[in-house]
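These features come from Swiss-Prot:
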- C145, C148, C198, C201: Zn(2+) 1 binding site (BINDING)
- C162, C165, C184, C187: Zn(2+) 2 binding site (BINDING)
- 5-70: domain 'J' (DOMAIN)
- 145-152: repeat 'CXXCXGXG motif' (REPEAT)
- 162-169: repeat 'CXXCXGXG motif' (REPEAT)
- 184-191: repeat 'CXXCXGXG motif' (REPEAT)
- 198-205: repeat 'CXXCXGXG motif' (REPEAT)
- 132-210: zinc finger (ZN_FING)
Amino acid sequence: MSKRDYYEVLGVSKDVSPQELKKAYRKVAMKYHPDRNSDDPNSEDKFKEASEAYEVLSDAQKRAAYDQYGHAGVDGNAGMGGGAGAGNFSDIFGDVFGDIFGGGGGRRRGGPSRGSDLRYTLDLSLEDAVKGTTVKIRVPTLVSCKPCGGSGAKPGTSPQTCTTCGGHGQVRMQQGFFSVQQTCPNCRGQGKMITDPCKECHGHGRVEETKTLSVKVPPGVDTGDRIRLAGEGEAGADGGPAGDLYVQVDVQDHAFFQREGRNLYCEVPISLFDACLGGELEVPTLDGRVKLKIPAETQTGKLFRLRGKGVTPVRGGAAGDLMCRVIIETPVNLTKKQKELLEELKASMKGEKNSPKQESWFEGMKNFFGDLKM
């Protein structure tokens, strides 16, 4: 009986890459796998045909011979009649599908495994984040069971080798002309069985516990930064190493300061008279109060920089600055006399160039409305 073209069997072109070839074989093999088509008597033949095609085309030398001479160039090496045999199909299937079915170089037997990492969110004030601190935290976790030493077996006893898999954690299942490795259903891949479990951990080898830990927070941390505590995660299974604990920083809002990188920002209200005549006032910083000089004729929104009064980055470098934005406060609750004095001041300023921005704005409005055609 004549054989179909191998490229046609896998539905690929003759210039297909090795990666695309493997992908095509996976698709065809999954489609015609006997376990998925128990009601189709032809599926096994189609599966064998696809495996034979892939066995040839995935080998550079065999593929070159096939491209030059066709089936005649590989008949001595491919298929069930040559050196490949059923064992080769098993190897091919395990290589391509090992991560799905546990065959070939895929999963291995169970054994000690690393514990899971944990995450803890630490709320910090801005002061503690900038200056650094040490805090105590309580973390629920899994720790190794002390009575059994993490084995899960009753003290004085030991886990027994699984009789189903012989301690390998895997069993080989014969599927027609090939075999597939699967996780042992008896020991679930552990390779051993606990016949007399520990009463403390009920055979799990680990117990729940809330640990109290001391966390040293370095100066300069910010929201999103993580502090790693090695080995403070969950205990590993079967004596495996513990995972790590990652403490994630969340800096709370401050009543006065806002942080942007290494700089701090704040708003400072000043009186109308200090803005006009100039003055000096105290402003708070994270290191205490400092004096800020306000020059005469200061406009609202102006930024004043206090160098070095910001944040020192956690990874080193120069400290940032404190940026003070002044906000001019309009007087309220004026007395009759105060209002009269302000009226006199207002009258005395008519015709003077005391409000250049306002005058520029009014001039712009005149030009704007003058250009409008009503």
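Cβ from N, Cα, C; glycine included.
Here the Cα atom of C145 (Zn(2+) 1 binding site) is found 27 Å from that of C165 (Zn(2+) 2 binding site). Here the Cβ of C184 (Zn(2+) 2 binding site) has 22 other Cβ atoms within 10 Å, regardless of which shown protein chain they belong to. Residues C145, C148, C198, C201 make up the record's Zn(2+) 1 site, and a Cβ search at 8 Å around their centroid adds K146, P147, G149, G150, S151, G152, A153, P197, K199, E200, H202, G203, H204, G205, R206, V207 from the same chain. All protein chains shown were included, and the count of other CB atoms within 10 Å of the CB of C165 (Zn(2+) 2 binding site) stands at 22. On a Cα basis, C148 (Zn(2+) 1 binding site) lies 25 Å away from C165 (Zn(2+) 2 binding site). Other than C162, C165, C184, C187, the residues of this chain whose Cβ falls within 8 Å of the Cβ centroid of the Zn(2+) 2 site are, in sequence order, T163, T164, G166, G167, H168, G169, Q170, V171, P185, N186, R188, G189, Q190, G191, K192, M193. DSSP gives C184 (Zn(2+) 2 binding site) a coil state; it is part of no helix or strand. Summarising the environment of C201 (Zn(2+) 1 binding site), the number of other Cβ atoms within 10 Å of its Cβ, over all protein chains shown, is 22. Note: the Cα of C184 (Zn(2+) 2 binding site) and the Cα of C198 (Zn(2+) 1 binding site) are spaced 23 Å from each other.
Taking the C-alpha positions, the distance from C148 (Zn(2+) 1 binding site) to C162 (Zn(2+) 2 binding site) comes to 19 Å. A straight line from the CA of C187 (Zn(2+) 2 binding site) to the CA of C198 (Zn(2+) 1 binding site) spans 17 Å. There are 23 other Cβ atoms within 10 Å of the Cβ belonging to C198 (Zn(2+) 1 binding site). Cβ environment of C162 (Zn(2+) 2 binding site): G169, C184, N186, C187, Q190, G191, K192, M193 lie under 8 Å away, each six or more residues apart in the same chain. Across the residues of the zinc finger (132-210), the predicted structure has a mean pLDDT of 87. The DSSP breakdown of the repeat 'CXXCXGXG motif' (198-205) into helical (H, G, I), extended (E, B) and coil residues amounts to 0 helix, 0 strand, 8 coil.
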